[in-house]
Amino acid sequence: MRASIRTSVPVRHAAMLGVGAYRPRLVVDNDQVAGLIDSSDEWIRTRSGIRSRRWASEDETIVEMATAAASAALESSGIDPERIGCVLLATISNLRQTPAAASEVATRLGAVNAGAMDISAACAGFCYGLALAGDIVRGGSAEHVLVIGVERMTDLIDDRDRGTAFLFADGAGAAVVGGSDEPGIGPVVWGSDGSQAELISQDHSWLDWRDQLAKDPSAEAPALRMNGQPVFRWATVEMAKVARRTLEAAGIDVADLDAFIPHQANDRITEALARSLRLPSSVAIARDVVEQGNTSAASVPLAIDALLSSGAARSGDTALLLGFGAGLSFAGQVVVLP
Ligand SMILES: CC(C)(COP(=O)(O)OP(=O)(O)OC[C@H]1O[C@@H](n2cnc3c(N)ncnc32)[C@H](O)[C@@H]1OP(=O)(O)O)[C@@H](O)C(=O)NCCC(=O)NCCS
């Protein structure tokens, strides 16, 4: 008779047990970016809502920022690092491609029993990680999972590009996911559309750059480019549909929501989504982009941290998370805040 494989015992529900954030030291206001792109504080505020952003200094590397945010999340959850069974790190700006930053972060944290890998899903990365973490915990492959979103977008952008230079920024946020008596992470609604890949993408590959450098030592490194208007339309129209499907999948009505925490792309996108969803005025809306800029994979956990720290949202609140960006990729889920 064939021996049967022993399986781990799954838990029924998963939830976020704690969150943490790391915001780089350097605060950069609109006047400091406007000069190079022939813009102004007023234009940037009106078109994006952004007043300032944080830029990482040299020592604030992907690994350093991720480790700091993850340490804060571990502390707030009360979970020791040895009890973490998996580290998922979402980023698109780790320019040292191998090894995965997650391995180094796990070791620095003392997460000696953890599998570790990076996820590349741009601004949807944290929500992708959270969905996987919930499944890993419910499936029994790990008791606790650390999900981190971290970016140094300033390494990817051209500071003379009018469409991106004022928008993107740096930082890290993290959450510890573990078993729970009640459902704390709802079903994920996710997807991607590679036919629109060119709307937000690197203008050429690192390989192309290497070839160009052989002929021209002053060849420019790849930079992130964005076609702003179609991205804006997609985010406001299609993501409103995704938000509705996410609420439906979780069996939650807008009236049951305490907080709306979309990717902090641009405050006008957040506004348009909130209007389209007809959120009651009692729902706290994340507006971390105003002070933090668009930090891609870090934006959702940073925004969760900001809402909880300010008291605008509380532990136990029901929140709709919605990540979206390059790919074009997206992921939404209803969660209970830790
Ligand atoms: C980037 C974004 C703010 C640009 O706003 P926009 O209204 O689409 O701007 P446009 O490119 O159409 O340009 C409108 C005008 O502003 C000017 N302009 C463009 N960039 C400018 C800048 N940085 N500063 C000042 N003026 C600028 C243009 O020259 C144009 O002038 P004109 O009307 O005299 O021709 C907007 O497209 C956007 O928010 N897109 C979504 C971006 C986003 O959130 N992406 C993240 C997804 S992860």
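The backbone N, Cα and C atoms fix where each Cβ goes, and this holds for glycine too.
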Quick check on the annotations: TrEMBL lists region 'ACP-binding' for one of 4-8, 49-53, 79-83, 264-268. Which range is it?
264-268
When you measure from the Cβ of ASN294 (active site), which residues in the chain that are at least 6 apart have a Cβ under 8 Å away?
ILE50, CYS123, MET153, LEU167, PHE168, ALA169, HIS263, GLN264, ALA265, ASN266
Near the Cβ of CYS123 (active site), how many other Cβ atoms are there if near means within 10 Å?
33
Summarise the model confidence on the region 'ACP-binding' (264-268) as a single mean pLDDT, whole number.
97
Secondary structure composition of the domain 'Beta-ketoacyl-[acyl-carrier-protein] synthase III C-terminal' (247-335) [DSSP: H/G/I, E/B, coil]:
36 helix, 22 strand, 31 coil
Can you tell me how the residues of the domain 'Beta-ketoacyl-[acyl-carrier-protein] synthase III N-terminal' (117-194) break down into helix, strand and coil by DSSP?
22 helix, 29 strand, 27 coil
